[in-house]
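Here the structure is laid out as structure tokens; the discussion comes afterwards.
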Amino acid sequence: MSSSFFIKKKENPKFSKKGTNSAVTKRKSDGDPGGNSKGRAKKVNPKYNEEISSDSETESPAVSKKRQSREEPVYEETPQEKKLRLAKLYLDQLREEEDKKAEEESFESDLIAGRLQDEVLEQKGKLQRLIAKDVNPSEIRLLRGHKLPVTCLVISPDDKHIFSAAKDCSIIKWDVESGRKLHTIAGGRKGTEDRHVGHTAHVLCMAISSDGKYLATGDMNKLIMIWEAETCKHLYKFTGHRGPVSGLSFRKGTHDLYSASHDRSVKVWNVDENAYVETLFGHQDVITGLDSLSRERCVSAGGRDRTVRVWKIAEESQLVFHGHEGSIDCIQLINEEHMITGADDGSLSLWSVNKKKPLSTVKQAHGCHGDAGLEQPHWVASVAALQNSDTVASGSHNSKVQLWKCAQGFRGLEPLFSVPVTGFINSLKFSSSGQFLVAGVGQEHRLGRWWRLKEAKNGLYIIPLKRKSPQGT
């Protein structure tokens, strides 16, 4: 009865629709050929056929449950969840990149802001980089080539070359790195001016244009000569001064040349046009030095008239400053508004163009010499300034170059250290980078023969100025 009932039920259309027939056929192939076991027939349920996959049919429900419970911790994410996770990772990555970029931009903007601030201060003439505390001298080199005392020198804008001149009327171009002579313009004998290309009298001063194109030199014969700095080829000769040419300076960024002379005048020249422009008068004694920067003005030292003057070229006016008790022999601009001067009374003065008296004066800056009770101060023969910084240098004949630190706001001068150099320090120049200082040295003073130091060597001393490491400061 039960067998026939099962067969009838199997042929029922309801069951055949739901696939029960196929399930029974499957069981027959699994080892139940008759298919007429009561227990098997009762357990057949369309519900199980629909929900249990073919892979799990060989397992009991209990085993499958255990396996499911063990596999539950392994979470398989859906495509949507995967997209969401990847999107979050991408956003985090973008955020990190943006933060890094913002940090770099902030650093760059700080650098740019610092540079712009420096440029603005430089244009205003108020820039003062505080580097003096980090400067430290190292091994000194001596370059020898001149037969007589060196009187003046300049360094090329790229710091690769030095030009020097001397009382032997010669001009030498040097390579800084190797110390070799690259070119020598020999001096000529007196009376050979018409035949000789070059100077035939003591060269007192020289200047190089800010682009390194032109070199200008001035001598005791009242002549100014213009040279091509690269090749040392002679270009022009300027005449017009009535006394020895004692100071030369190119206006920064131009080829306008300012010259000073013992004839008490300052002249303006245009080198590009090979032309004279104008003459400025005001000093009451020989002019001993001159300097300029970017503004259309220059500063000069008036020797025994004991004045420093600022010449405003465009306005055709001048400012007069008093302070030294002796002859002012050298002058150098630190920035557009501050300058340093040295005198034969041994004093060193720091000035602002806005005040008629020195901001600070160091008396007997290089000590004294002579017998007890008859001591005389060592003359300050040369000064130099590292532009737009707080570092200046001075030279005399007391066997040392002295470096000084300008106090904050240029309110004072403090000695930093001295470098031993025997002889008259007739000229001093800092390199543009501030990495070295060059001293032009001779056995005699550049303007006369009051003393002679036989132990001195005529030549150039290159003094490297290494910056101290943070640990050393």
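Even glycines carry a Cβ here, placed using N, Cα and C.
Summarising the annotation, TrEMBL assigns region 'Disordered' to 1-79.
Taken from TrEMBL, the feature compositional bias 'Basic and acidic residues' covers 69-79.
Residues 198-208, 210-212, 215, 217, 219, 227, 229, 231-232, 423-424, 426-427, 429-433, 435-436, 438, 440-446, 457-462 of the same chain lie 6 or more positions beyond the ends of the repeat 'WD' (143-184) yet place their CB under 8 Å from a CB of it. Annotation source TrEMBL lists repeat 'WD' at 143-184 (among others).
According to TrEMBL, the repeat 'WD' annotation covers 196-237 (among others). As a whole-number mean, the pLDDT of the repeat 'WD' (196-237) in this prediction is 95.
Per TrEMBL, the feature repeat 'WD' maps to 238-279 (among others). Taking Cβ pairs closer than 8 Å, the repeat 'WD' (238-279) reaches residues 204-210, 213-214, 216-226, 285-294, 296, 298, 300, 311, 313 in its own chain, all 6 or more past its ends.
Sequence annotations record features per position, and here TrEMBL assigns repeat 'WD' to 280-321 (among others). Long-range Cβ contacts of the repeat 'WD' (280-321) within its own chain (Cβ-Cβ under 8 Å, at least 6 residues beyond either end) map to 123, 125, 205, 243, 246-253, 256, 258-268, 327-333, 335-336, 339, 341, 351, 353, 355-358, 387, 447.
Annotation source TrEMBL lists repeat 'WD' at 321-361 (among others).
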Contact set, same chain, for the repeat 'WD' (196-237): CB under 8 Å, 6 or more residues outside the stretch: 151-158, 161, 163, 165-167, 169-171, 173, 183, 185-190, 243-250, 252-255, 257, 259, 261, 263, 269, 271, 274, 290, 446-447
The repeat 'WD' (321-361): DSSP-derived helix, strand, coil residue counts: 0 helix, 23 strand, 18 coil
For the repeat 'WD' (143-184), the number of residues DSSP places in helix, strand and coil: 0 helix, 22 strand, 20 coil
